Amino acid sequence: MLNRKLVNRVEYFRVIVMAFAAFVFNTTEFVPVALLSDIADSFQMPVSNTGLMITIYAWIVSLCSLPCMLMTARLERRRLLISLFILFIASHILSAFAWNYEVLLIARAGVALTHSIFWSITAALTIRIAPKNKKTQALGLLALGSSLAMVLGLPLGRIIGQAFGWRTTFTLIGVFAALILILIVRLLPKIPSQNAGSLKSLPVLARRPMLITLYIFTILVISAHFTAYSYIEPFMIQIGRVSANKATAVLLIFGVSGVVASVLFSRLYRIAPIKFLLSSVAILTLALICLYGVSGISGAIFALVFIWGVAISALSLAMQMKVLQLAPDATDVATAIYSGIYNIGIGGGALIGNQVMQHLGLANIGYVGAVLGAVSIIWFILMFLKFSRVPLNIVNQ
């Protein structure tokens, strides 16, 4: 009994290491948002041009997730993680010493490549190393690490960047990643590739209607969210008439809400997965509908943003878990496709929001996002009703 408890502790600590890894990956993905002005000043560029770094990052992840995962499908997972972190650290060193913007883009491309593989394998890997009967909780802890990147990583990165320069922020991210690498080397056992899938998996996955339904649902939902979220700061300042500091606080509220969402997911998802998923997107859609209506009411807008953040974070977790459940025999391929599709949603939502601002006005980003949210609900319900009676080995529900 004592030995079993010790094993459980070691396994759970391994999950914590993966949560730290998720934290550092999400921090480096979003921290440029807080450093754009400083980066632009150092290279004597307009902020709008510097911002292309974020777009390029997202599209590299989107394009490379599946090909990179397939190329690494047979590699032992511990060795693969070590290799990813070495490239991740080297890319941050290059970022810190980048002598021009083009070199910084190359460095960020290296980080994006590691991102595309890391998120393709991490969810399934975390579940494999978790203690028995703690699989859902392990995924929730992984999500907690991601959420803390918004709560702690983003503001700390901004504070450090303002005090010591943006290069110091990237340097410290690299140092933190090096500490995680040491823990991976010391704590993770050899983890053979398992159910990773291959090119042969693609036709098999394509014949799973609920998986395809979920992928399309993901594009719609994430586009709905990022149609509004991409421009939440100017919306708060120009439409909500709040100060710049309060607008920044909104981003922190989103991070805190992710922590709450991970707790709710751990406790509620396994009870009724489909209801949990649909309830989350329904709440998200309602929040987007109400965004403009409460924008001028300080307390109400903060409460709404918190609810919105809980909904999208819970929804992201539910979709990721559902992908794993629908493709247990090709988890890495299915997750790689999901990661790429998720980033398509990010880019698509930002583009839609941009067009809404130009043609309908900033005030309407919530309404357009809500339309996409409503379409996603209708799509999922219709497809679920259509395919819910398909044999289990095809639908894999």
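Even glycines carry a Cβ here, placed using N, Cα and C.
Taken from Swiss-Prot as is:
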TRANSMEM  15-35  transmembrane segment
TRANSMEM  51-71  transmembrane segment
TRANSMEM  80-100  transmembrane segment
TRANSMEM  103-123  transmembrane segment
TRANSMEM  137-157  transmembrane segment
TRANSMEM  169-189  transmembrane segment
TRANSMEM  209-229  transmembrane segment
TRANSMEM  246-266  transmembrane segment
TRANSMEM  277-297  transmembrane segment
TRANSMEM  299-319  transmembrane segment
TRANSMEM  333-353  transmembrane segment
TRANSMEM  365-385  transmembrane segment
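Comparison of 15-35, 51-71, 169-189, 277-297, 299-319 by number of C-beta pairs under 8 angstroms to the transmembrane segment (137-157) places 15-35 first. With a cut-off of 8 Å on Cβ pairs spaced 6 or more residues apart, the transmembrane segment (333-353) and the transmembrane segment (246-266) reach fewer than 3 such pairs and are scored as not touching.
Segment contact is absent for the transmembrane segment (103-123) and the transmembrane segment (365-385), given fewer than three CB pairs below 8 angstroms at sequence separation of 6 or more. Between the transmembrane segment (15-35) and the stretches 51-71, 209-229, 277-297, 299-319, 365-385, the greatest number of Cβ pairs separated by less than 8 Å involves 51-71. Annotation: stretch 209-229 has the most Cβ pairs under 8 Å to the transmembrane segment (365-385), among 80-100, 209-229, 246-266, 277-297, 299-319. Only residues 6 or more beyond the boundaries of the transmembrane segment (246-266), in the same chain, are considered here, and those with a CB under 8 A from a CB of the stretch are 136-137, 139-141, 143-144, 146-152, 154-155, 229, 232-233, 236-237, 240, 276, 298, 301-302, 305-311, 313-314, 317-318, 321. Taking residue pairs at least 6 apart in sequence, the transmembrane segment (277-297) and the transmembrane segment (209-229) share three or more C-beta contacts under 8 angstroms.
Beyond the transmembrane segment (299-319), the same-chain residues lying 6 or more positions past its ends with a Cβ under 8 Å from any Cβ of the stretch are 139-140, 143, 147, 214, 217-218, 221, 225, 229, 232, 236, 240, 242, 249-250, 253-258, 260-262, 264-265, 269, 273, 276-277, 280-281, 283-284, 287-288, 290-291, 338, 342.
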